[in-house]
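Heads up: the structure comes next, in structure tokens.
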Amino acid sequence: MAKLNRSNIGLSLLLSMFLANFITDLEASSHQDLNQPYRTGYHFQPLKNWMNDPNGPMIYKGIYHLFYQYNPYGAVWDVRIVWGHSTSVDLVNWISQPPAFNPSQPSDINGCWSGSVTILPNGKPVILYTGIDQNKGQVQNVAVPVNISDPYLREWSKPPQNPLMTTNAVNGINPDRFRDPTTAWLGRDGEWRVIVGSSTDDRRGLAILYKSRDFFNWTQSMKPLHYEDLTGMWECPDFFPVSITGSDGVETSSVGENGIKHVLKVSLIETLHDYYTIGSYDREKDVYVPDLGFVQNESAPRLDYGKYYASKTFYDDVKKRRILWGWVNESSPAKDDIEKGWSGLQSFPRKIWLDESGKELLQWPIEEIETLRGQQVNWQKKVLKAGSTLQVHGVTAAQADVEVSFKVKELEKADVIEPSWTDPQKICSQGDLSVMSGLGPFGLMVLASNDMEEYTSVYFRIFKSNDDTNKKTKYVVLMCSDQSRSSLNDENDKSTFGAFVAIDPSHQTISLRTLIDHSIVESYGGGGRTCITSRVYPKLAIGENANLFVFNKGTQSVDILTLSAWSLKSAQINGDLMSPFIEREESRSPNHQF
């Protein structure tokens, strides 16, 4: 069979997606028949079994790739984890591929754990990943594609040089705490750099730095890229540059140039949250220094203040943007996951960039979500009176995209925030919708049942504090995602999440965007300054029985400047149909030369 050119590939892929959409519709009906109300319509998930960390997202020859930690044996985590693999042309519709690789050699025989993809200067993708070796220690391995002409990269090979990075008595690295290599970056000296997460016995978190000229032979640097005491294990580190102007992304090897800051993200195993700092990378000393006010610990800002972990970014060189993925775990007991046959989602992919202040990252659903939009409802200039609730009719409330902008006029009516109120999640947990204040709670009720016995509320409260130095009133915006009434099933984790939003309501409107998808609610406050993701499992507010409301339970009225809500169509997510066959190169022997 002749190799397909780019146009033939595109035609074959369109045909495959058409057929796969038909298959997916049948599968969706089957899921409903099998009582699967919590499977999502447009969030990434395998057809079955367990999924956790996103691994090695990239774009290659016009095809987006997502690898992920996958247990092919069941709906709970298993040490024999493999690299699942799916591909897409738009980051919305996905085709399942065979696993990229499985435990198969001494350096990964007990599991192929998380890692990243690096695109070499010649365009060849290379995977660095953590393997659990025959001694159950953590080591770093490499995998390369068998056929670089295949845009779907369906076959990968493990060179005999594995493992490339190990622990020993000399380097003193704990073999149980040495994992998750990042995307590598190329220095001006021609050497590659990569960091691996670790920690010491006294809970110092580390980003261990390695260097290589050929991507095979790696040498540990004398000093880590960065460390912080009393933080515990740093999982899934991510280190990438961001532009100080505009929202365009920056290629990972763009280091030390004018107009660039760096972000170091770590996933702290002790809290199961993702924290980031913004700072400077000294390319001569190979150290990262957070900006003043940032510390790489629990005081750092989080990418998401809800159910969100092990995130990973990649640079999309086609659309000049950096895209963020994150694992969204279940909030249901394991027995429920086993019964339904699957566990774990990925957040909808987000564009991520540096705010113009240089002090925080902004996140927003990628623009491709708009291709799923259907029926639309628009409101303009409505008043939400104190204690009022308005229903939003005309959209599929269980699968929707909602944007609303609020304006508060009488800010002086805000309650005073106490100096001891420093924990936003605690404030949200103690002050549910029944606790009225001057300004708030106001926001959205999503996945609400007809009798309001079930609902998930995403809302704001505004407080004021007096600045004794300048004798000026400051306002504090609190964003909450309250799952306490989300389900009649009390076996679920129905924690309430909360965070402060860095906006000034005296000069700015208060905006909220919420993506609703059956069992996941992703919310973006203040234009993406604060993100909160939750998992919910209603018993009543399912499918057509789900409702959407806007509410104001405060004592003062709030203006809705605009509200736009869209029904979202289902995407094709990992149907059984594979990508079109492409004839392999004459030699099937992998080329291990970089």
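Backbone N, Cα and C atoms are what each Cβ position is placed from, and that goes for glycine too.
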- Item | substrate site partner of Trp50, Met51, Asn52, Asp53, Trp77, Trp113, Ser114, Arg179, Asp180, Glu235 (as recorded in Swiss-Prot), chosen from Gln69, Gln105 | Gln69
- Item | Disulfide-bonded cysteine for Cys480 as listed in Swiss-Prot, from Cys236, Cys428 | Cys428
- Note on the structure: By Cα geometry, the one of the recorded positions (Asp53, Gln69, Arg179) nearest Asn147 (N-linked glycosylation site) is Gln69
- Just going by other Cβ atoms within 10 Å, which of the recorded positions Asn52, Gln69, Asn147, Asn217, Asn297 has the emptiest spot? Asn217
- Task: Pick the one among the recorded positions Asp53, Trp113, Arg179, Asn329, Cys480 whose Cβ has the fewest other Cβ atoms within 10 Å in this structure.
- Result: Asn329
- Message: Quick check: of the recorded positions listed here (Asp53, Asn217, Asn297, Cys480), which one has the Cα closest to that of Arg179 (substrate binding site)?
- Response: Asp53
- Tell me, which recorded positions from Asn52, Asn297, Cys428 are within 10 Å of Asn329 (N-linked glycosylation site) if we use the C-alpha atoms? Asn52
- Can you check which residues sit near Glu235 (substrate binding site), meaning Cβ under 8 Å from its Cβ, same chain, 6 or more apart in sequence, and list them in order? Ser114, Arg179, Asp180, Gly197, Val266, Ser267, Leu268, Ile269, Ala310
- Query: The record names Trp50, Met51, Asn52, Asp53, Gln69, Trp77, Trp113, Ser114, Arg179, Asp180, Glu235 as the residues that bind substrate; what is their largest Cα to Cα distance in Å?
  - Reply: 20
